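Scroll down for the structure; my scribbles are underneath it.
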Amino acid sequence: MSWFSGLLVPKVDERKTAWGERNGQKRPRRGTRTSGFCTPRYMSCLRDAQPPSPTPAAPPRCPWQDEAFIRRGGPGKGTELGLRAVALGFEDTEAMSAVGAAGGGPDVTPGSRRSCWRRLAQVFQSKQFRSAKLERLYQRYFFQMNQSSLTLLMAVLVLLTAVLLAFHAAPARPQPAYVALLACAATLFVALMVVCNRHSFRQDSMWVVSYVVLGILAAVQVGGALAANPRSPSVGLWCPVFFVYITYTLLPIRMRAAVFSGLGLSTLHLILAWQLNRGDAFLWKQLGANMLLFLCTNVIGICTHYPAEVSQRQAFQETRGYIQARLHLPDENRQQERLLLSVLPQHVAMEMKEDINTKKEDMMFHKIYIQKHDNVSILFADIEGFTSLASQCTAQELVMTLNELFARFDKLAAENHCLRIKILGDCYYCVSGLPEARADHAHCCVEMGVDMIEAISLVREVTGVNVNMRVGIHSGRVHCGVLGLRKWQFDVWSNDVTLANHMEAARAGRIHITRATLQYLNGDYEVEPGRGGERNAYLKEQHIETFLILGASQKRKEEKAMLAKLQRTRANSMEGLMPRWVPDRAFSRTKDSKAFRQMGIDDSSKDNRGAQDALNPEDEVDEFLGRAIDARSIDQLRKDHVRRFLLTFQREDLEKKYSRKVDPRFGAYVACALLVFCFICFIQLLVFPHSTVMLGIYASIFVLLLITVLTCAVYSCGSLFPKALRRLSRSIVRSRAHSTVVGIFSVLLVFTSAIANMFTCNHTPIRTCAARMLNVTPADITACHLQQLNYSLGLDAPLCEGTAPTCSFPEYFVGNMLLSLLASSVFLHISSIGKLAMIFVLGLIYLVLLLLGPPSTIFDNYDLLLGVHGLASSNDTFDGLDCPAAGRVALKYMTPVILLVFALALYLHAQQVESTARLDFLWKLQATGEKEEMEELQAYNRRLLHNILPKDVAAHFLARERRNDELYYQSCECVAVMFASIANFSEFYVELEANNEGVECLRLLNEIIADFDEIISEERFRQLEKIKTIGSTYMAASGLNASTYDQAGRSHITALADYAMRLMEQMKHINEHSFNNFQMKIGLNMGPVVAGVIGARKPQYDIWGNTVNVSSRMDSTGVPDRIQVTTDLYQVLAAKRYQLECRGVVKVKGKGEMTTYFLNGGPPS
């Protein structure tokens, strides 16, 4: 609403276009008089009295309405009705990286180095929705899963402390401090597991538990480093690697916290290794290898955490989007149906919808939706002096004026039990007695006429302009319904309707009735002779006796006074409860459905509906989603739909749908595997001696992985590569089976690189060499014997016979093998059971090689040399007899247990990822199914609506942002208008029992109009818009919006001319096959018009202006079987080489004499 001169004026939704600025621009008012017809004073006088209220403040935009929420385009922008994508957007996602780069300033260009660094930095940032409320919803959404995951992690950590305690206590006397630390850690883990399983456990507590766990892990790591015996920078590397990995994958913390924690644990171990092993000769080599090992573990953690969280957030926002659509679609469908029923009576609309829905087979004739009603009264009312009124208004004010006046008439019609049929320019006609019969139909029409005259008298007093109403009423029989296939409008036909139309020829301010109507009034009104035949030739020819209403009889006045008193009493009792009359826009929302009940929502949601209607749409969706999250049971969903161990869906169709899911990040997974391979290569090149075989194996594996990465990357940038390569890439990425095979192949290559170098090392047992030198049995050799022979840890030269180099630090073989297993966790699309099988096979191969193969001697030699290293560090000297026992479990016996712990963690993470993905898929699928059903209904309703209103007009009336009192109006600079009438149809139409009282005549008219509608639907006539039919007259126009207006080529004008000629040809074809002799008269004109919608409760699209009037005159003054055009149109068509001839000067009502032309044909082909 806007304030002008202190009075309330309805806001007009101006649709000014490039071709309509001049016509849409307001002209200055004449004089300074404020009582003009188009002034705000007149507008307020037509409204119900109410105190002025301030303009409501615009509601605050929630974060979803920024870049993230794509608002529905308004009319005039070429937008279609329908769902819009909802990109919920969190601050640091892949989807927002481009936005973030673009928003960084003009110096940040896509593809630049700075942009690439910015995108890389976003990977390390915590993901968070812009809306704090939405972020809380997301955390609640995954809370149950995170709670379950955290509980299982506590169990794994209890197992880990038991393993560490066994490794520490088994070989020698344990250190009490370290044992106490592990016991405390285990006790805390058990306590935390109990806490996590409590129903009172909350989201905030989860963060606390996570950070407590990190603190315990750091303490255990420090204790393990201090308790190690013997000490070495490479001893116990697997433990911090495990801690770093579970920090990223099994602890429910944000990315930034995970990165800091992972790097913190890694740095802590490096510092401890440096401080505790300062005298080690090979300290820096091992610290460098340790740093690479930890850095690779952090990279794997990031490559696992980032896509998993992004996928979860995208699944959440997609689910929310589907729920939002599911909640909003019923509203939109209800709005569409309400709009449909505001244009067509319910009985007609429902019958048409049922026929469309059942998709009946083609019939020889189109079905006609006509009903016959006897004993009705028809009122035609015309505004006298409207032309002079319109000349004082701008285009905007004209639509505003008509809307306010006819909206008042619509309200009066509803109060007087009349059904408005149509608005034709300034003519308003309605019927009482349909669709439900009424005995007092004549009284209702007379009272309607009295109210209309009172309303226009008020306008006359306020404006000072001589306007009045001419009202004519006749009672009889009508056929009502719709004709044609497009732009349906409810209408009535019959001889009685024709007669009622001519009854308009009355004195201004009087109600003109026929004797048939008078008979139904039962003497309740005083009348006088109307002498209608003196003013209308049709009435004279038909010998119609007419009367003028003088006033109500005394009895009728008393009845009306009593009714008015009852209405006032009722209105006073409802005062303050009922709002002022405005077009209906509020619709109740239906949220419960079968699928939603499956998701945890039942009919109890209806109890909160009243509160929900007060929420804005975004808050309503969040409120509903919050209830759904609280109500759903993860365990129940798993039990009902997912197999327990395999995590496959119980239903085959669901499993097939899930298997068709495409993971677009698969190329990134393979790239991460390549990165892990590079780290393994660097570690082994740094720690172990080089060999030609080793370098050859690494080069081959690198080439294979690089080819795999490039092949998968083609999927994302396919246009740059050959078609065959693109096809191969698509076949890998889009197929879950193919991508799984490629993923397993990549992990096998990385695993091969981790173990291949073991076969190039020296496999001679040191015990055998030393025993031979000392002349003792190999079983008697101890670390003290090796110390006496000056054997030490870290020498690359062969210690015994042979030329193969010595691999002194097999801990890194174990570490590299663990990295290769961790690389499998990056491939999120591989099923948990598939990963478990792969880990089992790879672990079994490694253990067989370790325990039974030649590489086992490398680990035996390492254990002995590590003992020598410990003796050297202690500076104590022992002989071979009293040499102390080894202070640790042999590495090759520790490795199977380490593998078991890692395999358990990897499997739990795989289960968590797959379970989350499948439950998200299931929830989204349930919401999608209902959404698709609603979309089908929406598209179905939309097709019906577009058969009533143009698309942009329907979009305007269905827009959620539209205000109740907004009008639709559009100024169009150059529009071609056509009126095509069947000149002699009135002679053909007769009402006889043989033709079902005229229904068969209307059936033929329906076929004719349907043919015209089918022609206008052709692609070549896409610039044309059917406006309406008026009896047997067909009205169309072209160039009414930006998509159909051709300013330069004027193709929309020639299209209408071609259409007019097609109608002439079609009429000849109809005459040949129906054995009739219908004659068409067609009139064409061009110029500016005002297009808009009149009627608030029952919107009716129409166009107004001098252009329309002249076009109608071209039809009425035309010649049968000819197309008459104006001079303006002649100039355009002649320039296009159309064939025209001059008719000469024609007298046109209201315009004087005009030179017109006949259109004979199109341009030469």
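The backbone N, Cα and C atoms fix where each Cβ goes, and this holds for glycine too.
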Range annotated as transmembrane segment - as stated in Swiss-Prot, picked from 287-303, 423-439: 287-303
Feature N-linked glycosylation site, as given in Swiss-Prot - residue among N146, N375, N790, N1041: N790
Of the residue ranges 86-102, 817-833, 1055-1071, the one that Swiss-Prot records as transmembrane segment: 817-833
Per Swiss-Prot, F624 shares membrane side with A927: yes
Cα distance (Å, whole number) from T916 (phosphothreonine) to L424 (ATP binding site): 61
Intrachain neighbours beyond the transmembrane segment (212-228), with Cβ under 8 angstroms and 6 or more residues off its ends: 153-154, 157, 161, 164, 168, 175, 177-178, 181-182, 185, 188-189, 192, 235-236, 239-240, 243, 247, 251, 261, 264-265, 268-269, 272-273, 276, 888
Inter-residue Cα distance where the pair is V1110 (ATP binding site) and N790 (N-linked glycosylation site), in Å: 117
Of the recorded positions listed as D382, D426, S659, T916, the one whose CA lies nearest the CA of I1103 (ATP binding site): D426
Top Cα neighbour of R1113 (ATP binding site) in the set of recorded positions D382, D426, S659, T916: D426
Folded-back contacts onto the transmembrane segment (740-756), same chain, C-beta under 8 angstroms, at least six residues removed: 666, 669-670, 673-674, 676-677, 680-681, 694, 697-698, 701, 704-705, 708, 712, 732, 813, 816-817, 819-821, 823-824, 827, 829-831, 834, 838, 842, 846, 849, 855
Nearest-integer angstrom distance between the alpha carbons (Cα) of G385 (ATP binding site) and D426 (Mg(2+) 1 binding site): 10
Cβ neighbours of R470 (ATP binding site) where a neighbour is any other Cβ within 10 Å: 22
Positions whose Cβ lies under 8 angstroms from the transmembrane segment (671-688), at least six residues beyond its ends: 285-286, 288-289, 292-293, 295-296, 299-300, 303, 694, 698, 701-702, 705-706, 708-709, 713, 746-747, 749-750, 753-754, 757, 761, 805, 807, 809, 812, 815-816, 819-820, 822-823, 826-827
Among S659, N790, T916, the most crowded of the recorded positions [Cβ within 10 Å]: T916
DSSP three-state assignment (helix, strand or coil) for G385 (ATP binding site): coil
